[in-house]
Amino acid sequence: MHISAPHFWWKNKSFLRFLLAPISWGYGYFSCRFMGRQPPVIDLPVLCIGNFTCGGTGKTPVVIAFAKVAKELGFVPGVVSRGYGGAVKGVHLVNEKYDTARDVGDEALLLAQHAFVAVSANRYAAAQRLKKEGCNLILMDDGFQSRRLYMDYTLLVVDAMRGFGNGAVFPAGPLRVPLKTQFSFMDSVLLIGHSDARDNVSFLIARTGKPLHRAHLKARASDEVAGKSFLAFAGIGNPDKFFQSIKELSGHVVQTYTYPDHYFFTDKNLTSLVQKAQMYNLWLATTAKDYIRIQTIHERKDLKNLIVFDVDVDFVQKDFCRMLLEEVITRFRKRSCEFSCAKGKG
């Protein structure tokens, strides 16, 4: 679920939260029932990297980090993605040379730079397609709440700045499913960043008795940033985090423009942004996800002063990805053995 998160989601007291509470209760009831269903099983190890809430948490760079380590360990990882924002139907294997963000979504194109990616609303069918391509490890990008594919391990990502928001379920708050239900199905949590909300998240996770891991996002840019003044624009789930990353690289953010998550920029949008930047002698700045969507428009020569920002994940526990992948494989082998034993007895 990718939408522009309203501000009241991140405030503890709000009239809108109270007003939307009855709808939230109904949504929460049915979402809990969805999570209780039995998902189809594939004979490959499956690691789900998801989140508790609607909106951006830094999940995509985490999936990329796991794909990189998986390849280092000798696996052929395949990523199952919903393909948010894309128009393709059925099961589609992403080809980064020929597909555009309008076809498969911006996240799928970013992920395809590091692993095989299959996009589909049917996650089981997508996993089967990846198996045919020779993949021997499935990384599921999101899909924790939908339960459309059996998961050997579930890692949920939390943005420390936002935490669980106001603690309410959609649409009164950002939670996709009531926290208690999500806690019961998850295996561990990855908390990214620093903030006051981090302490509340840590407290709630500690009460579940399940592991809490920590990481930080390290910004990088396509050109030198320090000392430059920027007009920054983004159509992502959490644009404030992007604006902060410019400052962390010693850039000066003078103007900011935000658009809905997964927004496809028009020529008119870009012309307006370029003119405003030129008027105040500013550099343009955007994210790697936004730039992939901008590339669906024919090449523009007036974007030469555009700097693209991306992020890498810096895990506090340096061998975190390796250790978690080993746990995924251990669980997969255990269920495979149990299935073989049960079949033999039958």
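Placed from the backbone N, Cα and C atoms, the Cβ positions cover glycine too.
What Swiss-Prot records for THR53, CYS54, GLY55, GLY56, THR57, GLY58, LYS59, THR60 is ATP binding site, and it gives sequence analysis as the kind of evidence. The number of other Cβ atoms within 10 Å of the Cβ belonging to THR53 (ATP binding site), over all protein chains shown, comes to 28.
In the three-state DSSP classification, LYS59 (ATP binding site) falls within a helix. The ATP site is defined by THR53, CYS54, GLY55, GLY56, THR57, GLY58, LYS59, THR60, and by the 8 Å test on Cβ atoms against their centroid, the other residues of the chain that qualify are ASN51, VAL157, ASP159, GLY237, ASN238. Just so you know, the Cβ of THR57 (ATP binding site) picks up 25 other Cβ atoms within 10 Å once every protein chain is counted. In three-state terms derived from DSSP, THR53 (ATP binding site) belongs to an extended strand segment.
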